[in-house]
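Trainee: Sharing a structure, written as structure tokens. Questions coming.
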């Protein structure tokens, strides 16, 4: 991995961490962080062998998650994060990234439920900050796409 690729990944990492904080604390995903991630992902396309295929696959994933948003399964911030971050994920890693989101999301829901039982509170009363599994999976496979 060269310095440019590392700078692209580090930029995404910082912005995803800021999104995590905002989503956990305030349940808001700031557009400025999403825009920086989107621009960074677009720049990463210069370092991929087949950028058009990558754009097509990531657009398909975005459309699928947009449909999930329309039927109130995921939040709008989650869909925007997928659209911005997964543009930089190579198409060969896309299915693994989506499976990782599901697995990490399941672990997150289990941990949140156990914490609510321990604290004797209503589980998921403020929703589920699903940007966490999306961001972790997206960052990992974005990194894998750059090396």
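Using N, Cα and C of the backbone, Cβ positions are placed for all residues, glycine too.
Curation plays no part in TrEMBL annotations; they are all automatic predictions.
The domain 'Prepilin type IV endopeptidase peptidase' annotation in TrEMBL covers 13-107. According to TrEMBL, the transmembrane segment annotation covers 6-24, 31-49, 55-74, 95-115, 127-146.
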Trainee: Give me the DSSP three-state residue breakdown of the domain 'Prepilin type IV endopeptidase peptidase' (13-107), ordered helix, strand, coil.
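Mentor: Counting residues by DSSP class gives 81 helix, 0 strand, 14 coil.
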Trainee: Verify whether three or more Cβ pairs under 8 angstroms connect the transmembrane segment (127-146) with the transmembrane segment (6-24), leaving out any pair fewer than 6 apart in sequence.
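Mentor: Answer yes: the transmembrane segment (6-24) meets the transmembrane segment (127-146) with 3 or more Cβ pairs below 8 Å.
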